[in-house]
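Novice: Have a look at this one before I ask anything.
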Amino acid sequence: MSTETTPVIPLPLAAARAVTAAGALATTASAFLAWTWTADFPGDLTVTGYPGGLQWLTLTAGLLTLVLALASYGVPGLRWTNPSGHNNGLLYAALGGAAVTWFTLIAIAVDLNGLANLEPGGWVAGLASLVALVGALGLPVDRHPKGTSWGLRLAKSDQPLPTARQLPSTVEVLLIVVAFAIGLFAITFGIDTEYGELFAGYLILAAFVIAALSKSGLLPRLRALTIKHRPVATGAAFAAAAGFPFTQTSDQYTSVAANILIFATVALGLNIVVGLAGLLDLGYVAFLGVGAYAAALVSGSPASPIHVQFPFWAAMLTGAAASMVFGVLIGAPTLRLRGDYLAIVTLGFGEIFRITMNNLNGTTGPKITNGSNGIPRIPDLEILGFNLGQKHTIAGVELGRFSNYYLLMLVITAFVVLVFARVGNSRIGRAWVAIREDETAAEAMGINGFRLKLLAFALGACLAGLAGTVQAHVSYTVTPDQYTFAEALPPNSAFLLAAVILGGMGTISGPLVGATLLFLVPKKLEFLSNFQLLAFGITLIILMRVRPEGMIANRRAKLEYHEADIPAQASPPSETVLTKTGA
């Protein structure tokens, strides 16, 4: 689809640039003013001379807008911040500044009952952010032609990024390390937010900042560097993740991070089933439960009727093997079904698992799982004499129980990522994709569809069981009600499927991002506790309309869902060819 470069608001170019820069500078300065007179609003925005709470978000947006505005002037040393040379990134930064600033002002008015509670600094911030936005709307931006879109008609430029200057490999590696360090800081800030208003503002700003960096060309440049130095990028990503516990002073947020990794690892396993093989599994959380129950039964819990205590490696293999066996037993008779029929069968399996665990209570069945009481008092893991339930000091930092489990889950997540990457790029992975796209055509080409679907089902179940073995020890107790189709808090089958779709099917980072968001949002935004399914349903509908390939999509998905955005290949001009007949 062709694009045009026009302003949303017709303003002289010089005036638009000046207004944008002045508004961004004023927005940045306003973060150092008092926005309200009382400390009753979270974050204490009453201090002049130092930002607090949501003011830090306005400061970040203002600085980003100011830097991009100065880069549009061609200021030496800043042009690298906008490799594309277009103004779309600047517009998104200004939109983010206005959005997070006015969200804060409205939140103050709602929490304190009226706009009268705003100090002059708050009004300055609101006005300055609007001035920057108006200036950015007056800059020429890439837009869809009239009649082909709606609203601002913002579009992605058809022009590729200019060729980047060749940098020494050491500098490129250093840039990757710095980028992941900044990412660690940003994610830590989001997880450590102490109240819902700050987390909501964080989500708003993060969405616009990511869009701004993408449109300016910085994220594509970083992506190119990570592809060029893939081993370094992978190591930097896991090193940044491993550094998270060392930024914490208590286990309050490392417990959240440990559960996020459990949820994300299970989502990666489901991504094999749904994202690669195209099998809609609505009862996948049951495999997590099988692994958790298998590990709990051999963990040495006093409530376990088996009365054995396996070492960690044996308990982990037991949980993974049990889940894989169940995956084969369930998949063998059902994977000849397709589409909605398979989804209904897997949904039934998830419910059958929960009901069966409830009935193995010694009354309605053998006493194995203690019914609804579950298996409590699961002891902490001990690996090579290292008890994960005790505090340990590493590099001068005291790591608590959840920090230990977080680091263990990080190792398991790295293993699952390795498995997913190797399998996805293998002949088996390509066969799964062929089955997902058209099973009939794949079988006509000689692919054994049933056997490969069963392999995907078993491998996905095995990885879920692997995460379940750790979950059992993290939560101390395993009960049937933890493993349902839809519940207030993850993990459950609906949220796992939503994490894969939201993040991006068939990718590695997509389910990790989707799982993180779906776990954090209910934790941080407590006012959504009664409307979570409604909120996520609306979010998925909007996402399917705006970005059906997910937040992080691979190249295949982008081409599949956005064929209209691919520039048409110019056909050679037709020439009259004389033949003997027409001579």
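Glycine residues also receive a Cβ, built from the backbone N, Cα and C atoms like all the rest.
Annotated transmembrane segment per TrEMBL: 12-36, 56-78, 90-110, 122-141, 173-193, 199-219, 256-277, 284-304, 310-332, 405-423, 494-520, 527-546 (among others), in sequence order.
Just tell me what is around each of these and how deep it sits.
Specialist: Within the chain, the transmembrane segment (12-36) has long-range Cβ neighbours (under 8 A, six or more residues past its boundaries) at 45-51, 55-56, 58-59, 61-63, 65-66, 69-70, 72-73, 90, 94, 97, 101, 104-105, 108, 112, 117-122, 124-125, 127-136, 138-140.
Only residues 6 or more beyond the boundaries of the transmembrane segment (56-78), in the same chain, are considered here, and those with a CB under 8 A from a CB of the stretch are 17, 20-21, 23-25, 27-31, 87, 89-90, 93-94, 96-97, 100-101, 104, 125, 128-129, 132, 135-136, 139, 198, 201-202, 204-205, 208-209, 212, 216.
Within its own chain, the transmembrane segment (173-193) has Cβ neighbours under 8 Å at 167, 199, 202-203, 206, 222, 225-226, 229, 232-233, 236-237, 239-241, 243-244, 247-248, 253, 256-257, 516, 520, 524, counting only residues six or more beyond its boundaries.
Away from its own ends, the transmembrane segment (256-277) comes close to residues 191, 244-245, 284-285, 287-288, 402, 405-406, 409-410, 412-413, 416-417, 420, 423-424, 429, 432-433, 435-436, 452-453, 456-457, 459-464, 466-468, 470-471, 474, 490-491, 495-497, 499-500, 503, 505-508, 510-512, 514-516, 518-520, 523 of its chain (Cβ-Cβ under 8 Å, at least six residues beyond either end).
Outside the transmembrane segment (310-332) by six or more residues, the chain places 286-288, 290-295, 298-299, 346, 349, 381-383, 453-454, 457-466, 468-470, 472 with a CB less than 8 A from a CB of the stretch.
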Novice: Six or more residues out from either end of the transmembrane segment (199-219), which same-chain residues have a Cβ under 8 Å from its Cβ atoms?
Specialist: 54, 57, 60-61, 64, 68, 81-86, 88-93, 95-97, 99-100, 103-104, 107, 156, 161, 186, 189-190, 193, 520-521, 524-525
Novice: Can you tell me which parts of the same chain pack against the transmembrane segment (405-423), counting only residues 6+ beyond its ends and a CB-CB cutoff under 8 A?
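Specialist: Apart from its flanks, the transmembrane segment (405-423) reaches 238, 241-242, 244-245, 254, 257-258, 261-262, 264-265, 268-269, 271-272, 276, 381, 383, 388, 399, 429, 459, 463, 466-467, 470, 473-474, 508.
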